[in-house]
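**Student:** I have a structure here, written as structure tokens, and I will follow up with some questions on it.
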């Protein structure tokens, strides 16, 4: 039962989606002329069938198709005036040029997993359009060079599947949830079960094609190293629209091993979590053991780049308290492990190409980083939070290994050496009227954890977007650096200033903007 509950949470985290239509409100009067002029401009370069106005019969289904958090499926949500579905980079260029010319800002959606929905909605009324990358999802693999080009609209599952089809000897270090869009994931860093071996997805990006705020299509050489640095972990949308990415593929062995061991409180879960927080970051980088803590216990979930025999020897030597043995092992290919970890034994390689889900839930998320071990006595207090009304789950990923050998300034993603593990607080509920308890639980446990996590700043992961951390203030039609610094240093630490200076060079008028976009520092 505990294992099935853990799989259920994993599926919710990875695949919450919706297909229902929502009520549409009429655009405000000031938007009328903007809409007409913008549409006229777009239709010069983009086929009309790829444009959706609010008056279009298909608008609601297109907009909601990848809304992963259904609390935003509401007539109160501020939606785009237009949705543009490009099929090539020239369509993206046209959208930006027309948007600049006619005062229409652009937001960008790849997979729709932005936890706060900022890729397809606005917190406040304003005229904007969404460039929905869903139709740009090509994956091209060069097995000999061990590289791939992947469009931003592809899902991680598309990329993983394409890699394995080209070569069983290659893999890529990105997220566990296979329905996540490449564009947003890479833009925020992106990590999964190969984090300790190969770092983040962004660490392994070697080129990109970006449409900048002037509508130019730039590769790495043309954009320059500061711009290229910024798109690899500086958060989506701030520095242009990435049409496609070139990534370095990494070797994986013929067989990998996974295990999932659940321990209840009465089976010593608290002792094991206390031990895990120092053992897991110090293990060889071929082994990643993460934890999903919920209710009365914890699930220890692992990927090992090697055989069951070798893994049992390693666990017996380094973490014997867990009691892991050969009966817990499942050997498989790397690509088979990709669906197995989030979906369990029923997950298949073909599932990686699935872009839909019938699961519908509301959600709230927060994140933390732990730099010092938490005493057992405090873990006992933490676990009491997991049985409170409205409680969710704590997902904990260990660092160390390869990720710790990279300088903090190598990319905007700054979590490298000195981090034991990160925490994602996740809570789901069903039905609009049920929001109060789970939402408050998330904020309350976050407050409770203050003494145990990073400080000055209290760090967070930008791909676990959280508007509780702060939002931009706009003065003179430009986001202010002071307001952005409040939340920005939590995501990026000392890299935030360089991001803001880069923004000031390439988009000083702050065209690409949302509630947590990088402000220009001039």
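Quick reminder: no glycine exception, Cβ is built from N, Cα and C everywhere.
Among the features that Swiss-Prot reports, signal peptide is placed at 1-25, with the record citing sequence analysis. Taken from Swiss-Prot, the feature disulfide bond covers 41-98, 308-329, and the record attributes it to experimental evidence. Sequence annotations record features per position, and here Swiss-Prot assigns N-linked glycosylation site to 88, 325, 354, 477. According to Swiss-Prot, the FAD binding site annotation covers 108-114, 119, 152, 176-177, 181-185, 191, 237, 242, 461-465.
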**Student:** List every residue in the same chain as residue 111 (FAD binding site), at least 6 positions away in sequence, whose Cβ is under 8 Å from its Cβ.
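**Tutor:** Non-local contacts for residue 111 (FAD binding site): 66, 68, 155, 179, 180, 181, 182, 183, 184, 185.
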**Student:** If you count other CB atoms within 10 A of each CB, which of 108, 176 wins among these binding-site residues?
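**Tutor:** Buried the deepest by this measure is 108.
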**Student:** May I ask for the distance between residue 463 (FAD binding site) and residue 329 (disulfide bond), taken between their Cα atoms and rounded to an integer number of Å?
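**Tutor:** That comes out at 31 Å between the alpha carbons.
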**Student:** Does DSSP give residue 108 (FAD binding site) helix, strand or coil?
**Tutor:** strand
**Student:** Among 88, 325, 354, 463, 477, the recorded positions in question, whose Cβ has the most other Cβ atoms within 10 Å in this structure?
**Tutor:** 463
**Student:** Could you check which of these recorded positions, 41, 354, 477, sit within 10 Å of residue 329 (disulfide bond), going Cα to Cα?
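**Tutor:** Checking Cα-Cα distances against residue 329 (disulfide bond), none of the recorded positions falls within 10 Å.
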**Student:** Looking only at C-alpha atoms, tell me how far residue 88 (N-linked glycosylation site) is from residue 242 (FAD binding site), rounded to the nearest Å.
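**Tutor:** Computed Cα spacing between residue 88 (N-linked glycosylation site) and residue 242 (FAD binding site) is 11 Å.
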**Student:** Between the binding-site residues 108, 114, 176, 242, which lies closest to residue 477 (N-linked glycosylation site), Cα to Cα?
**Tutor:** 108
**Student:** Nearest of the recorded positions to residue 242 (FAD binding site) by CA-CA distance, picking from 41, 98, 325, 354?
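**Tutor:** In terms of Cα distance, residue 242 (FAD binding site) lies closest to 98.
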**Student:** In DSSP terms, helix, strand or coil for residue 41 (disulfide bond)?
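**Tutor:** Its secondary structure by DSSP: helix.
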**Student:** DSSP three-state call for residue 329 (disulfide bond): helix, strand or coil?
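**Tutor:** The residue in question, residue 329 (disulfide bond), is coil (DSSP, three-state).
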**Student:** How many Å separate the Cα atoms of residue 114 (FAD binding site) and residue 98 (disulfide bond)?
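**Tutor:** Taking the Cα atoms only, residue 114 (FAD binding site) lies 25 Å from residue 98 (disulfide bond).
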**Student:** 10 Å Cβ neighbour count around residue 41 (disulfide bond)?
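**Tutor:** Here the count is 18.
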**Student:** Enter the number of other CB atoms within 10 angstroms of the CB of residue 329 (disulfide bond).
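**Tutor:** Result for residue 329 (disulfide bond): 18 neighbouring Cβ atoms inside 10 Å.
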